[in-house]
């Protein structure tokens, strides 16, 4: 038995000095990256308890459930944690767009070698 994070079978997330952990949400059907957000301990706990994605807004300094006002919720199918337990992936069934711009994903622009942006969708 080992205590290394890479082989651990017990969830022990490593929150940063700011109390946050990076959270990537991916589409359960396609695997596409939808968004990156942040979670504190309470957001992770609520996500585990309710099966709906909860995040910590750094700009508003507040907890929020994805889709609380827009209705564009994320039903969590699976939560994965990376090898160091310092980032999580939420595999979700997304209702409506994930991005506040109304797009399916927050990652809708492609960076060209010339540093110009083109739109993916």
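Just so it is clear, glycine is given a Cβ too, placed from its N, Cα and C backbone atoms.
Values in this document were obtained by computation on a predicted structure and should not be read as measured data.
What TrEMBL says about this one:
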{"type": "BINDING", "residues": "82, 84, 86", "note": "Mg(2+) binding site"}
{"type": "BINDING", "residues": "83, 99, 106", "note": "Zn(2+) binding site"}
{"type": "DOMAIN", "residues": "35-108", "note": "domain 'Phosphoribosyl-AMP cyclohydrolase'"}
Note down the number of other Cβ atoms within 10 Å of the Cβ of residue 82 (Mg(2+) binding site), including every protein chain shown.
16
If I restrict to non-local contacts, at least six residues apart, and a C-beta distance under 8 angstroms, what lies near residue 106 (Zn(2+) binding site) in its own chain?
34, 35, 36, 98, 99
Could you work out which of the binding-site residues (84, 86) has its C-beta surrounded by the smallest number of other C-beta atoms within 10 A?
84
Structural state of residue 83 (Zn(2+) binding site), classified by DSSP into three states
coil
Does DSSP put residue 99 (Zn(2+) binding site) in a helix, in a strand, or in coil?
coil
Fewest other Cβ atoms within 10 Å: which of the binding-site residues 83, 99 wins that one? Let me know.
83
